[in-house]
Ligand SMILES: C=CC1=C(C)c2cc3[nH]c(cc4nc(cc5[nH]c(cc1n2)c(C)c5CCC(=O)O)C(CCC(=O)O)=C4C)c(C)c3C=C
Ligand SMILES: [Fe+2]
Ligand SMILES: [Fe+2]
């Protein structure tokens, strides 16, 4: 197929270490946790804590966790993001009968936003639709990706036209895709179970200061529950991945899962809708850590429902997001 497309697609995810060892994890965490969108503390206070404590203690511990989930081709976040990108590119190009450039970038680490933007430029792309792979907008993720994109274009003499997608927390195809994967899990296990929707947390202060993330997560949970016709007693909304000492969004996933069995809820399914792609936070923290805590406190059945990853429903959603955001270039 020849490239006659008048636009290209840039999909952006968070980023992940290049290898599951302490030096690479340290390099990744240094870049990620130095971004003021992620940790907004005064640098005079934060930099010594980051350099002397966090980047000393955390990398060897976290590297071991990456080793547990690492795939033959690399980090799950990168491998599975690439598979989704390839499927989106194939489906989009097939639909339009021409090659449509689609590139994947990571806000932190590789492939960098700069290198992906260069690749699009090399393919003659003048118009770029940018799709951050975060269903629920947060300044700590989506805006951070856009900061990096703007920085990468600083030296660019001929700016492309940009269409910046905001989020898709309430998109009908997203809700349908989540509902379908929950139903598929229920069919597989032969029973419906209490559904825990567990989102990556952020400091509560960010939301108090105006970040819409919590509201967007609540919207997703409500729409999934409505689609599956769940009563209020049949689902629970929680936040995981707490980092540091200050208060993060509540209810916390770990405390909630410890308490559920004593409330008579001993069999659960957990889905993590804020993660478009499975990664260390879902494959280890949810599946292993939270699963163990639930069972240690009287839970008898715990099954994680995978992220949408490279499934056909997810591809259909991304195609729709791209189509909605490129109407002006068709
Ligand atoms: C320190 C503050 C953090 C904020 C705020 C935060 C927001 C946030 N993150 C994601 C998605 C992912 N986070 C991942 C890993 C991860 N996140 C933090 C910290 C914050 N995240 C850390 C320190 C780490 C690294 C692991 C660790 O040391 O515990 C990942 C997975 C990356 C991977 O390689 O697998 C994702 C994805 C969202 C959606 C979000 C806010 C909405
Ligand atoms: Fe995170
Ligand atoms: Fe974590």
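Numbering starts at 1 and runs along the chain as displayed.
Backbone N, Cα and C define each Cβ position, glycine as well.
Sequence annotations record features per position, and here TrEMBL assigns Fe(2+) binding site to 200, 281.
Counting Cβ atoms from all protein chains shown, residue 281 (Fe(2+) binding site) has 22 others lying within 10 Å of its own Cβ. Around the Cβ of residue 200 (Fe(2+) binding site), the same chain contributes 239, 240, 241, 272, 274, 275, 281, each under 8 angstroms and 6 or more positions distant in sequence.
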